[in-house]
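Asker: Pasting in a structure now, in structure tokens, and then I'll have a few things to ask.
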Amino acid sequence: MKITVPATSANIGPGFDSVGVAVSKYLTIEVLEPADVWFIEHDLGDIPSDENNLLISTALQVKSDLQPHKLVMASDIPLARGLGSSSSVIVAGIELANQLADLKLSDDDKLDIATKIEGHPDNVAPAIFGNLVVASYVDEHVNSIVTEFPECAFVAFIPSYELKTSESRGVLPSDLSYKDAVAASSIANVAIAALFAGDLVKAGRAIQGDMFHERYRQKLVKEFVTIKELSGQYGAYATYLSGAGPTVMTLTPNDQAEALKTAIDGIGLDGETLILSVDKGGVVVD
């Protein structure tokens, strides 16, 4: 059995903690034979290979008496880069418990569990459903809507450095004025409505008008303004911080993606530029 979970790009500008899209980088978990103790074979650096791994600890939160197995974990989702690496592991852990214990969890069940573990649905929701997901988490209740993302390419600049979510949240204000909250929510409303309508031009303007988090976080990602200005020269719809950063994501027409990637590569930033697409399947079990 193999469990595959996509990477995710959250917030998409003003959709703070509530909007995310699944993209084409993947975590895979291969389930091998039963064992006396949990063991995860991986080449992902200094992460646990036993029940202290987030994958296993999540699965055991769902079902505490699971039969241990030998597993193989592989991932091309960069760690601590704003592409949902931890969320993908949480979703995989829930699916592992679901399969091994035959729990018959619905996708909504999985989302409820994942959101309680993660604290917000913006990454775990698209990792489960695929596509674009808008979700809320209020009073421990999750509400979500899934739709297809308008046709475009995602050009991701992934810096060589990590940025922990805790550090990125640390620069945010504790509150907004009523006036700013109204303005920020109106921008978010237009962004989501335009994405649902398939209008990337209007969506792009609203995405780049975010007032919730990017103005505070962009000082932590020195490449952000440079890439945003460069992308505008190539007809990009919008550039935004993916999740808590530091990945800088640009939405661009498909026929401009390669040219933009080449341009970003050409300015000598320390990182990797990738062209990604929307993953429409979410978590998959083979």
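Placement of Cβ uses the backbone N, Cα and C atoms for every residue, glycine included.
Found this in Swiss-Prot, in case it helps:
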{"type": "BINDING", "residues": "Pro78, Leu79, Ala80, Arg81, Gly82, Leu83, Gly84, Ser85, Ser86, Ser87, Ser88", "note": "ATP binding site"}
Asker: Neighbourhood of the ATP site (Pro78, Leu79, Ala80, Arg81, Gly82, Leu83, Gly84, Ser85, Ser86, Ser87, Ser88): other residues with Cβ within 8 Å of the Cβ centroid, in order?
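Answerer: Once Pro78, Leu79, Ala80, Arg81, Gly82, Leu83, Gly84, Ser85, Ser86, Ser87, Ser88 are set aside, the remaining close residues are Ala7, Ile77, Gly243.
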Asker: With an 8 Å cut-off on Cβ-Cβ distance and a minimum sequence separation of at least 6, pull the same-chain contacts of Ser86 (ATP binding site), or say none.
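Answerer: Expected: Leu54, Glu118.
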Asker: Sort out the sequence-distant neighbours of Ser88 (ATP binding site) for me: same chain, 6+ apart, CB within less than 8 Å of its CB, listed by position.
Answerer: Val5, Pro6, Ala7, Thr8, Tyr26, Leu27, Ser75, Ile77, Ala127
Asker: If you count Cβ atoms within 10 Å of the Cβ of Ala80 (ATP binding site), leaving out that atom itself, what do you get?
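Answerer: Its Cβ shell of radius 10 Å holds 18 other Cβ atoms.
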Asker: Looking at Cβ-Cβ distances, which residues of the chain lie under 8 angstroms from Pro78 (ATP binding site) while being 6 or more apart from it?
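Answerer: Long-range Cβ contacts: Lys25, Ser85, Ile158, Thr247.
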Asker: Within the chain of Gly82 (ATP binding site), which residues six or more apart in sequence place their C-beta under 8 angstroms from its C-beta?
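Answerer: Those within reach of Gly82 (ATP binding site), by Cβ under 8 Å and sequence separation of 6 or more, are Ser9, Ala10, Leu163, Leu241, Ser242, Gly243, Ala244, Gly245, Pro246, Thr247.
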Asker: For a quick check of packing: other C-beta atoms within 10 Å of the C-beta of Gly84 (ATP binding site), how many?
Answerer: 30
